[in-house]
Amino acid sequence: MDTQSKSGRSLQKRLRDDAGTTTGPRSILCHITYPIMLAAMVATAVSAVHYGWDFGRVNFAFLVGTIAFLALLERLIPYERDWHPSRREWGFYAIYVLLTMAGAGIAQLPVNALVSSVAMPEPVLPLWVEIPGAVLLGSLVSYGIHRLFHTHAWLWRLHGVHHVPDKVNVANNGVNHVVDIAITQCLVQLGLALVGFSHQSVFVAGLFIVLQGYFVHANIDVRLGWLNHIVAGPEQHRLHHSIDLDEAGHYSSDLSLWDRVFGSFTWYPGRKPVAVGLSDPDSFPKTGAILATLLQPWRSPKKTTPPEQAPPGD
């Protein structure tokens with residue numbers, strides 16, 4: 001047994017041992033994880049805008065770094081050990097990510113052309129005004145689209161693919177139907193561009209969306225405290241994946257204030273989902289059946305009607 005493996009297991013044991021304390025390494029990680037990620041995003045955004053770095057490359061590097069950091073934390077401070085992906089699941093998830101990136105990229109080509117011609121190349125307003133505006137609008141559009149995907153029959157046959165796994169972790173955040181991702185990304189980006197936000201503000205808003213999208217899916221035991229009423233976190237998003245529709249609100253993956261405004265905020269301190277996945281697991285193909293999943297929207301709709309989900313109360 002090599003020294004590195006021993007030290008890794010030793011660290012995990014120490015983190016487990018102090019799980020019930022308020023000052024041990026695990027508790028500290030639970031509380032500082034999100035501030036660290038947010039600080040890294042701000043530093044990345046400031047550097048990219050200031051030094052004129054290629055936004056596409058920065059986006060990709062930030063995505064890879066975010067996934068790697070969260071995957072490490074899933075081992076150090078897991079919320080649920082049974083939710084760790086198996087090697088087989090990692091293989092499935094990798095294929096989904098590649099298919100989603102390829103399909104969404106192709107679908108984005110005409111949108112990118114329109115965005116480049118409509119979006120302002122330079123900020124009209126100061127970036128400290130534009131960026132919060134872009135984040136607010138992008139989050140609102142994303143919230144509306146996500147909620148529609150849960151209520152419209154055909155759109156649910158696209159989006160339900162994401163809810164098939166019976167665990168929530170950073171790896172299966174990529175389990176999506178390619179058309180679902182293409183529609184969402186296109187509408188959010190078009191909304192920002194048509195309002196007139198600059199490339200810089202759209203780029204920074206995009207970094208925040210990437211960070212939040214993977215953060216809320218991470219199988220990590222974190223505590224956001226009062227921030228839960230402003231931004232979304234894993235504590236809330238696990239409820240969104242619940243099989244119990246009375247607790248499965250939280251359509252926003254970034255700003256939870258929209259769930260507050262529109263009555264879909266169900267989280268309170270200590271609330272945990274009864275189980276995650278689909279309330280009717282037989283209504284969708286298993287995650288490993290990739291071809292069947294891709295064809296899911298065009299199957300007979302008799303078994304894939306959307307969950308009848310009335311807006312939950314607080």
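Backbone N, Cα and C atoms are what each Cβ position is placed from, and that goes for glycine too.
Unlike curated records, TrEMBL annotations are generated automatically.
Here TrEMBL flags 1-10 as compositional bias 'Polar residues'.
Taken from TrEMBL, the feature region 'Disordered' covers 1-22.
Residues 62, 65-66, 69, 73, 77, 127, 200, 203-204, 207-208, 211, 215, 220, 222, 224, 227, 233 of the same chain, all 6+ positions outside the transmembrane segment (32-53), place their C-beta atoms under 8 angstroms from a C-beta of that stretch. Residues annotated as transmembrane segment in TrEMBL: 32-53 (among others).
If you look up TrEMBL, you'll see 59-78 (among others) marked as transmembrane segment.
TrEMBL lists 90-111 (among others) with the feature transmembrane segment.
Beyond the transmembrane segment (131-149), the same-chain residues lying 6 or more positions past its ends with a Cβ under 8 Å from any Cβ of the stretch are 125, 155-156, 158-159, 180, 183-184, 187-188, 191-192, 195, 197, 200-202, 204-205, 208-209, 251-255, 258-259, 262, 264. Positions annotated as transmembrane segment by TrEMBL: 131-149 (among others).
Taking DSSP states H, G and I as helix and E and B as strand, the domain 'Fatty acid hydroxylase' (134-264) has 85 helix, 5 strand, 41 coil. What TrEMBL records for 134-264 is domain 'Fatty acid hydroxylase'.
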